[in-house]
Amino acid sequence: MKAIIVLLMVVTSNADRICTGITSSNSPHVVKTATQGEVNVTGVIPLTTTPTKSHFANLKGTKTRGKLCPNCLNCTDLDVALGRPKCMGTIPSAKASILHEVKPVTSGCFPIMHDRTKIRQLPNLLRGYENIRLSTRNVINAERAPGGPYIIGTSGSCPNVTNGNGFFATMAWAVPKDNKTATNPLTVEVPYICTKGEDQITVWGFHSDTETQMVKLYGDSKPQKFTSSANGVTTHYVSQIGGFPNQTEDGGLPQSGRIVVDYMVQKPGKTGTIVYQRGVLLPQKVWCASGRSKVIKGSLPLIGEADCLHEKYGGLNKSKPYYTGEHAKAIGNCPIWVKTPLKLANGTKYRPPAKLLKERGFFGAIAGFLEGGWEGMIAGWHGYTSHGAHGVAVAADLKSTQEAINKITKNLNSLSELEVKNLQRLSGAMDELHNEILELDEKVDDLRADTISSQIELAVLLSNEGIINSEDEHLLALERKLKKMLGPSAVDIGNGCFETKHKCNQTCLDRIAAGTFNAGEFSLPTFDSLNITAASLNDDGLDNHTILLYYSTAASSLAVTLMIAIFIVYMVSRDNVSCSICL
């Protein structure tokens, strides 16, 4: 006879735990924050560069002016500005200009006293305009000016295109024709003759020489007085009689006399005046200028193109929003100078890899994400970890990481806006001081740069603070997302961890990270299937009744034994029974 006994064994599985976590990194970087000082992070975005010196170049996307008149050979920019006979040419329009002459000279024309007037500024003033043209007609009739008639003087040291005696096109050397006598101050009005609403730059001056030459030319050996006035700006001069070295300061031809040259800027419709005595250089052709061209000290030739022109470093291509090193004026799409290197956090706080189960124990590993990070979050900063019989599984939450990246991008954009505002502020200051572009107070400029540098550094510190502090925000969002997905299939045990009622291996965790997790799918195998075992009993002389008798006897004996043991324990606990053990 054969009997079958069916044994039902229910095998339950150990629960897994899922936690939110942060990635780890083996190459920490350091950023500065507003309140935490220096903090190690998993990644940074360098915001500064230290440039090296290079040649000057043309600014990208705009016309850059080197020499005022590129086609005027053997001419300085001052020659062009004064209208030297052999230096008459077209000045091309430009949005940017290079101040390449440290000390302007006239290159063989009449010697000028550079230390007496604003003559050095004249070429620089013209460089500051985008469009520059010389008028086709004279602003006044010099021959018939008050105190005349005059002969228009020329000089062999200022030859014209035919190598005859000549003089500057912007001025007429008014030498009395017949009445070579002393005169009281005379006044001439200078009208506005530009036709396109431009600024009118009117050049004028006076001649000084030895007493002998002054009497010969003008009939008066005494110092002469001169005054110019335009737009509320008045300038006074008294001529010097004699005492000039034979060799000119600019290396030109030997001369006993000198000329002093000045200019005045007349706004549209405004009339200027010149009060003069003998030896006056009356204005003739005038410059009509419009638009703005940014000016910077540099050198020629211009080679290639660059984003930025920097007085100390030459042509720069902008790779970072800020730079460290030597501060100086710059034009174009330039980085802003800051005192120290700046870095923006591009990741999370640095955490060493969390220890695994065998090193720290089960509950130690669960808490690992609080003080350590998890390796394996490919392309992600925040994510999930699963701990169980399968070991440790890790998956990145790319959406959360993207949100963190978006916040960093927003911080970068905010810093860029701050950069643009500061650049506009600097440009505005440059425009306001346009007419004295070479006279900017370096101390004031450095103070402005220091202030802007401090503002930018503080903005970066605050940005880093916000990025690092946002980790808690991202982890809390992940925790809410995880709790919603797990639903009733898990129990919240705190600290961003959940104990599941089912297994959660790498596949399960990947689906959670991807947002495709279905609790029902993984909850089905919470209990293993019933294991049904068939026991075959052979006929060896025992009948069914005998077997049942043995089974019932054993079960009854076990029940009685348990009851007696429980009774003894109860009596001992009530002190009704004592037990002594003797050896």
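Backbone N, Cα and C define each Cβ position, glycine as well.
In Swiss-Prot, the annotation N-linked glycosylation site falls on ASN179, out of ASN179, ASN576.
The record in Swiss-Prot lists a disulphide bond between CYS75 and one of CYS87, CYS109, namely CYS87. The disulfide partner of CYS109, as annotated in Swiss-Prot and taken from the candidates CYS69, CYS72, CYS158, is CYS158. Taking the Cα atom of each, CYS504 (disulfide bond) and ASN179 (N-linked glycosylation site) are about 114 angstrom apart. The recorded positions ASN74, ASN160, CYS508 include none with a CA atom within 10 A of the CA of ASN179 (N-linked glycosylation site). Within 10 Å of the Cβ of CYS109 (disulfide bond) there are 28 other Cβ atoms, across all protein chains. Taken residue by residue with DSSP, ASN317 (N-linked glycosylation site) is part of neither helix nor strand, so it is coil. Confidence over the topological domain 'Extracellular' (16-551), given as mean pLDDT on the 0 to 100 scale, stands at 80. DSSP assigns ASN505 (N-linked glycosylation site) to coil in the three-state reduction, outside any helix or strand.
In the structure shown, the C-beta of ASN346 has more C-beta neighbours within 10 angstroms than that of any other entry among the glycosylation sites ASN74, ASN317, ASN346. Take the disulfide-bonded residues CYS75, CYS87, CYS504, CYS508: by the count of other Cβ atoms within 10 Å of each Cβ, the lowest one is CYS75.
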